[in-house]
């Protein structure tokens, strides 16, 4: 007779009390997961999170209270979880999982790692660390009402990076407010600014510098002190941006200098942010006005919406749109609010101008009104119930792994609407590793198109190796028979190379580079394919993938459109407040794993495409290969969602 401890077999219950697990992330999913783990019987848990608690977290991260604002998420989550099970042994780290202290040996001490992250860079890193340590990883994510859980095991399943993913569509608040690095960050900031000035103010949409940015203050006490310097019991008392703007009479010059000069100068005082980044450059209205050149005021050729103006042109557009919007607000009367709509010219002008001015400040190429409009879409909040469902599924998959039943693990999708079998949860068999994966293949190798005469060593390091291929501290040598060191992870060793071009080191078409990241125990061979000209604003391209700037539009009606910012991966503009009915035209394969298609079965089978679900609180999607199912279970109704969306948790 099977002995039970609660609802678990005694052997499994004993395993839970002795095994050691790592939870990476203590936010929306992480809070629910930590609570579930201690209530299920896990006794030895370590949790790591770099972030601090913000007032906007309190509506869905239930381990936190108002008095905790500004404190370490990991530490407070530990303290709250211990109230459910005081006998549990929980260790909390207020730190980045990408810190070199958390090396392969650190990961090897765990039987299981569970991700509850909100950004791709950290996901890529944990994926590689678990592959190097040969530890099972449970990956998860939510986007609005949609969610996904999958299991990753070296040599048995796809890793997180086996399938290419579109550009990330959700971003941490401190990235939007302090350290934007992509145009979309500035566009989201400009939309937040519109609401702060003219619309419904939201604590989640603050635009001022984030003084509690965990990256600016690594010491937990220092972080908490900054966040609560002007508060009592964590109750943030903000001066309304709208009230301040009204007190100035919506003076566009004062607004400009506050947003693009004073706030930027304040950011510059947070010097830790700029040790490894290019610092922003403040703008001053009066100085710009004095130095304006006549040609900047002359409109260029081509369609008006597709022109990229100069800095002063966007200053004037900002001034004109502020005046127009403030007049509209005044006409509506006291307490009125405007609603941002991409089809409203003054609102679109405002976001275009504000976003481009911020892009210029942070050394990015400015965008046309057409490009900004195509990237700007509706924003939806994270949903607590979705996080709770996904956290529960993580634990269920974890129990299978600890019971030695890895073959029964599944990728599970949480749908917004029931499928034909009236089910919201759809399990799918885990796919095997991709032979072309540049991470988990036996000899990872890629080919990169670039111009060796225009690409600097610093760009190779930061844009290609770190941003694109997710390395943390790369070392690069040229396979030229001499072993020439191009980039060293040792500080200062190859700093003199940074401003030189690849061609200066004899790198040409067909050259091979070996990039090693010893922290991740990862080696990547890079074949250089020299090309004179790439598309505009594209620095490099990975062969076999469309450039990030403009992926080709999807033509197969059964393919799902990614959840993005008002467009299909920036390929097509979304110009109305209602997307067309086929904007989210998808097929869901209902795979309940109750039946297997026998090789001897005479039943007709049909091939369908699984729904590409948002991957991990980022709005990303992971592509799964088609599977054959019995035709009675192959098709499901399509969703008719409104605009393409960004998920924010």
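Numbers here mean position along the shown chain, with the first residue as 1.
Glycine too: its Cβ is placed from the backbone N, Cα and C atoms.
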Between the ranges 141-171, 172-202, 203-233, TrEMBL assigns region 'Disordered' to 203-233
So among 162, 191, 437, 440, all listed as recorded positions, which is physically nearest to residue 59 (ATP binding site)? Use the C-alpha atoms. 191
Restricting the comparison to the recorded positions 159, 191, 258, 437, which residue's C-alpha is spatially nearest the C-alpha of residue 118 (ATP binding site)? 159
Additional residues around Zn(2+), ordered along the sequence, whose Cβ is within 8 Å of the centroid of 159, 162, 437, 440: 131, 158, 160, 161, 433, 434, 439, 441
Residue 25 (ATP binding site) to residue 159 (Zn(2+) binding site), Cα to Cα, whole Å, comes out at 19
Roughly how many Å separate the Cα of residue 28 (ATP binding site) from that of residue 159 (Zn(2+) binding site), to the nearest whole number? 23
DSSP puts the residues of the domain 'Ubiquitin/SUMO-activating enzyme ubiquitin-like' (448-535) at 19 helix, 28 strand, 41 coil
Whole-number Å only: compute the distance from the Cα of residue 191 (SUMO cross-link) to the Cα of residue 162 (Zn(2+) binding site). 34
